[in-house]
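Going by Swiss-Prot, these are the annotated features:
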REGION    1-232  region 'Pyrophosphorylase'
BINDING   9-12, LYS23, GLN75, 80-81, GLY142, GLU157, ASN172, ASN230, ARG336, LYS354, TYR369, ASN380  UDP-N-acetyl-alpha-D-glucosamine binding site
BINDING   ASP105, ASN230  Mg(2+) binding site
REGION    233-253  region 'Linker'
REGION    254-460  region 'N-acetyltransferase'
ACT_SITE  HIS366  active site, proton acceptor
BINDING   ASN389, TYR390, SER408, ALA426, ARG443  acetyl-CoA binding site
Amino acid sequence: MAISAALILAAGKGTRMKSALVKVLHELAGRPMLGWPLAAAREAGAGQIVIVAGHQADQVQKRFGADAGIRIALQEEQLGTGHAVSCSLDQLDGLSGAVLILCGDTPLLTAATLQRLAAEHAASGAAVTVLTAKLDRPFGYGRIVRDSEGRVRRIVEQKDASPEEQAIDEVNSGIYCMELEFLRSHIGRLGSENAQNEYYLTDLVGIAVAEHAGCSAVVADDPDEIMGVNDRVQLAHAARVLRQRVNLQLMLAGVTLIDPDQTYIDADVQVGNDTIIWPGCVLRGATSIGSGCTLENNVRVSDCVIADRVQLKAGSVLSEAQVAEDVSVGPMAHLRPGSVLQAQVKIGNFVETKKVVMGTGSKASHLTYLGDAEIGSDVNIGCGTITCNYDGRHKHKTVIGDGVFVGSDVQLVAPVTVGANALIAAGTTVTQDVPPDSLAIARTPQVNKTGWCLKKRDNG
């Protein structure tokens, strides 16, 4: 069934989160909470997306407003779900047919469930179709009241429910599929004569029944899908469920997770088959990992492109880096933004790079800082080497040609260029360009004072 649009209600502040950030922008598995029902609606086939924002609407606009398929409606005063929907209808001018109404704080909702909801809506011919769930502890949710034949008659909110109604275990999810024509013509009939003095969208169910327009229902297979996130405990639970879903899909696609419960992978991360990921790894953002890679314990990767057969050894941290095939990084290495490692590069323990291009086969095996540098192929960077790229005001570039050998404890004071196949002696501070095929040595000559230590001891 075609879905004309989806309305996502996201105007609430989320007081129980006890946060300066509006609830729906809290992150789960690499996306803001609101991004999850939005993605589900799109995958289910919704055309236009309308977000109803209220608290921190400017932040919601900043995060989602640049998307051409999303419109933002403003609910300046929060007077209930019915009022929220009424604030959004002018964004749907010119549309007809079915519309999904979702909650911005239900990140576990899936596209498959929305498709079931839309299919039932089309098959039943009802004006309103509601997604429900059966809960062992339904406190706080609106209850689904059915007649003796099992037909939905109305939804009663917790604060307005009688003791008998509170005993009902089938609850309203706050998620609906409605006919736009019915919604437009009846939203103005909602009243606020209830315990919360709000305009309940749920009252449209009773109106639809009373006018014989029809109300249908779909029971969610997994009650977790309708869970609203209202505090940090529920946020952690939802994040755990999403992480399990992400990890399950990766394992089914041929990725080995040694301990899935201790592996944290954002939803938009891509990982190739035959890659092995050890516990404690965190993969974030728009990261892409190739096939046949190994990520040892406690590796963190954010917004990186990693090619095939790369070894990321324990404790390494990579951010906004590009790593070609057959590269080895770590252990305990740090690739900062702008690091580009070409094929067969080796970055060893306690090596830090930033804004560096390292050519094919080059190595920096130990205890090195490389920043603002262009390094050719088959270069050896000795232990303790530093590119001195910052003069206190500006950054400067170091260029090292192909085949250069840099000895241990070398400082390259930028801007400086080292020509191809040159050799920099250990302990040298390079302050001038080095011609190709040359030896550069700049250190005080060694002086041995024979017997000096004996004299020092004898003199006390």
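Note: Cβ is positioned from N, Cα and C throughout, glycine not excepted.
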ASP105 (Mg(2+) binding site) in three-state DSSP notation: coil
Residues from the same chain, set at least six apart from the ends of the region 'Linker' (233-253), whose C-beta lies under 8 A from its own: 17, 26, 28-29, 33, 36, 107-108, 224, 227, 260, 263-267, 269, 271, 273
Fewest other C-beta atoms within 10 angstroms, as judged across GLY80, GLY142, which are the binding-site residues: GLY80
Among LYS23, ARG336, ARG443, the most crowded of the binding-site residues [Cβ within 10 Å]: LYS23
Residue from LEU9, ALA11, ARG336 whose C-alpha is spatially nearest that of ARG443 (acetyl-CoA binding site), among the binding-site residues: ARG336
Separation of alpha carbons, ASN230 (Mg(2+) binding site) and TYR390 (acetyl-CoA binding site) (Å): 47
Those recorded positions, out of LYS23, ASN172, HIS366, that come within 10 angstroms of ASN230 (Mg(2+) binding site) at the Cα: LYS23
Local Cβ density at ASP105 (Mg(2+) binding site) - other Cβ atoms counted within 10 Å: 26
Rounded distance in angstrom between the Cα atoms of LYS23 (UDP-N-acetyl-alpha-D-glucosamine binding site) and ASN389 (acetyl-CoA binding site): 42
SER408 (acetyl-CoA binding site) CB neighbourhood, other CB atoms within 10 A: 17
